[in-house]
Amino acid sequence: TLSVSFGTPFIVNAIIQDDKLCNIVVVLKKFGISCLYHGWDANEKSSADWRIYFAVEACQLSFQLQIHYYFTRGIETKSTTNKMATERQPLLSQAEIPAETAPAVMPRPDVRTSPESALVDVQSETSIVEETMEGDSRESLYDSTMYDPWSNRKLEHPTSNLDTLIHLLKGNIGTGILAMPDAFKNAGLYVGLFGTLLMGAICTHCMHILVRCSHELCRRLQIPSLGFSEVCCAAFVTGPFGLRRYAQLVRVIINIFLCITQLGFCCVYFLFVALNLQEVIARYYIKVDIRVYLVLLLIPMIALNMVRNLKYLTPVSLLAAVLTVSGLTITFYYVLQDLPPSSSVHAFSSWAQLPLYFGTAIYAFEGIGIVLPLENNMGTPEDLGGATGVLNTGMVIVACLYTAVGFFGYLKYGDSVSGSITLDLPNTMLAQSVRIVMAVAIFFSYGLQFYVPINVIGPWVKSHFQSEQHKVYAENLFRIALVFFTFILAAIIPNLGGVISLVGAMSSSMLALIFPPLIEIVTFWPTDLGRYYWILWKDLAIMIFGICGFFFGTYTSLWQLLNQHTDA
C-alpha cells in the first residue's frame, strides 16, 4: 500500500523489503516513471529495509497507482501510532480507474505554491491508512514548504564553520594556483588581474546557485541532502514536463564530466610531481627524460590508490595541506624579491591566447564539486551562504591568492614563466626544498582526487560480478587500470601548462559555469526567475560565457598540444 503526495512530482516515501525493490522499480519503469534513488546500494543486501524516494512524473500517472508486490512495512510517518496494513494489490489498468478519479487532462500543481492541494492515498479495498494521523503531522510530512532539510540531517560528526573553511581552502588550492603565472602570460598583466577577479566572482556565484537549488530540491523531495549529479537529476525530474525524460541522462553527463575532471587532475598531478623531481635531481646529477620519472612514480601511485577508506587518507591530507602552505610561503619569498617594473611585461597578450588563459583560470577555480559535500556535513549549514558566510570568505581568500601569485609571478619571470612557478625558482637549497615539498604534497593529494571516479564508476564495475571476492578483485584491477590510464596520458603529452588549460576548458567549464545556471533555470522555471526574468537572462549570460570558453579553450589547447607534440 502506498501513500502518495500529488505535487510536482508525486513523492513516494516508503520503507520496503530490499529483495522486493528491483521488482517494484521494474513495474514503475513500465509506466515510464522516472525514479530518483537516494541512499540505496544495489550491491548490498545486509539490511532488510531501505528508504526510497520515487520522484514520479505526474503527467504519466492516474490519481490511483497500485502495485501488486508486498510491502513489509508501510509509510513511515512522524506519528508512531500509525500502522499500515500490507496485502497483495491488483495492478489497475487505465480503463479500470473510475472516470471521476482520472481526469482527461492532468494539471501540473506547483509544489512551491500548493503542495498540499491534492493528497492521494492509494489503498486496497480492505486496507486503509488509519486516520489517526494528526493534521500538523500530515502537513509537516508532505508540505515541501514546511520541510527543513537541515533539521532532518543526522550527522555523526558534523564539521564546524572553521573546519569547513579549511576544507574549502584545501579543495581549491592545488596545482592550479602554481599555474596562475602561466595563465597571466596568456592574458597579459592587467587583463589577467581583472579577469581572475571576475572569474572568481562568477565561479563563487555559481557555487551559491548550486547550494540554493539543492535546498529547494531537498524541500520538494523531502530529502535531507543531495549531491551534484543528484541535484541536476532532481531539477529535471521536478521541472517542466518536456525535460523530465532527460533527468537520468543529465545525471550521467555530469558524472562523466566529474570523472573527466578528476582524472584530468590526476594526470596533472602525475606531471607536476615528475617535473619537480626532474628539476631537483638534474641540479645534482644528470637530466633524465620526464617519462623515466613517470615510470618510477607509477608503482607508488598505485599503492597509494589501493587505500579504500577515506578516513585513512585524512592524516595524509593534513600533511599535504601543511606542506602546501609551507611551499607557497617560500615561493612568495622568492617571487617578491627584486620585482621588475610593470612595463617589462605585456598588459594584454593577444586574443589568440585568451582561451588558454580561460582554461587555466577555470581549472584553478573549479572547486564546485566539493561545495555540496561540505555543506551537507556542516553542523550549521545556514552559515555557508550569506555575504559574510563561509563560502564567500573562503572564495575571497582563494581569489586573492590566485590573483597575487599570478600577478607577481608573471611580473617576476615574464614570458619565460613555466607551467608551474616552482620550476622557475632559483637553484638554491631553499628553492629545491620548495620543489620537493610541493611534489610530496601533490603526490599525497592524488589519492583524494582519485576517489571521485572510483566512487562513481566503481559500483558499476562491481555490479558485473556475483561473489564478494570477485568484486574485490575487480575493484583492485579497476583502480590499477585508472592509475595506468592517467600515467599514459601524462607520458603521451608531458606539457603541464597545456594539459591544465585543456582540462579546465573541456571539463571544468561545464561543471563550474554551464551546469549550475542550467540547474537554476530548470529548478525555478517559470514562476521564480525574478522580475522581467532577470535570473533567466543572468543565467543565460553565464552559460554563453562558459560555452564559448569550452569550445574556444578546448580547441586552442588541443591545437597547442598537438603542434608542440608534432614539433617534438
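Using the three backbone atoms N, Cα and C, a Cβ is placed for every residue, glycine included.
Among the features that TrEMBL reports, domain 'Amino acid transporter transmembrane' is placed at 157-557.
Per TrEMBL, transmembrane segment is recorded for 187-211 (among others).
Per TrEMBL, the feature transmembrane segment maps to 252-272 (among others). Here the transmembrane segment (252-272) has Cβ contacts under 8 Å with residues 174-175, 178, 228-229, 232, 290, 294, 297, 301, 366, 369, 420, 438-439, 442-443, 445-446, 449-450, 452-453, 456-457, 482-483, 485-487, 489-490, 494, 496, 499-500, 502-503, 506-508, 510-511, 515 of the same chain, all six or more residues outside its ends.
Per TrEMBL, the feature transmembrane segment maps to 284-304 (among others). Sequence-remote contacts of a segment are chain residues at least 6 beyond its ends whose Cβ falls under 8 Å from one of its Cβ atoms, and for the transmembrane segment (284-304) they are 270-271, 273-275, 277-278, 443-444, 446-447, 479-480, 483-484, 487, 490-491, 494.
Residues annotated as transmembrane segment in TrEMBL: 316-336 (among others).
Away from its own ends, the transmembrane segment (356-374) comes close to residues 159, 164, 167-168, 171-172, 176-177, 179-180, 182-184, 186-187, 191-192, 195-196, 199-200, 203, 206-207, 210-211, 214, 225-228, 231, 258, 261-262, 349, 384, 391, 398-399, 402, 452, 497, 500-506, 508-509, 511-513, 516, 549, 552-554, 556-557, 560 of its chain (Cβ-Cβ under 8 Å, at least six residues beyond either end). The transmembrane segment feature in TrEMBL is assigned to 356-374 (among others).
Positions annotated as transmembrane segment by TrEMBL: 386-410 (among others).
Below 8 angstroms of C-beta separation, residues 174-175, 178, 258-259, 262, 265-266, 269-270, 272-273, 276-277, 279-280, 283, 297, 300-301, 304-305, 307, 310, 313, 316-317, 319-321, 323-324, 326-327, 330-331, 334, 369, 422-423, 479, 482-483 of the same chain, each at least six residues beyond the ends of the transmembrane segment (430-452), sit close to that stretch. Annotation comment: TrEMBL describes 430-452 (among others) as transmembrane segment.
Per TrEMBL, the feature transmembrane segment maps to 473-493 (among others). Outside the transmembrane segment (473-493) by six or more residues, the chain places 263, 266-267, 270-271, 274, 291, 294, 297-298, 301-302, 305-306, 308, 450, 453-454, 457-458, 461-462, 464-465, 499, 561, 565 with a CB less than 8 A from a CB of the stretch.
The transmembrane segment annotation in TrEMBL covers 499-519 (among others). Proximity of distant same-chain residues to the transmembrane segment (499-519), defined by a Cβ-Cβ separation under 8 Å and at least 6 residues beyond the stretch ends, is recorded for 175-176, 179, 182, 202-203, 206-207, 209-210, 213, 228, 231-232, 235, 254, 257-258, 260-261, 264-265, 267-268, 271, 355-356, 358-366, 368-369, 419, 489-490, 493, 538-540, 542-543, 545-547, 549-550, 552-554, 556-558, 560-561.
According to TrEMBL, the feature transmembrane segment maps to 540-562 (among others).
In this chain, the transmembrane segment (540-562) lies out of contact with the transmembrane segment (386-410); the count of Cβ pairs under 8 Å, excluding pairs fewer than 6 apart in sequence, is fewer than 3. Long-range neighbours of the transmembrane segment (316-336) within the same chain, counting only residues 6 or more positions beyond its ends whose Cβ lies under 8 Å from a Cβ of the stretch, are 166, 170, 173-174, 177-178, 401, 404-405, 408-409, 412, 421-422, 425-426, 430-431, 433-434, 437-438, 440-442, 444-445, 447-448.
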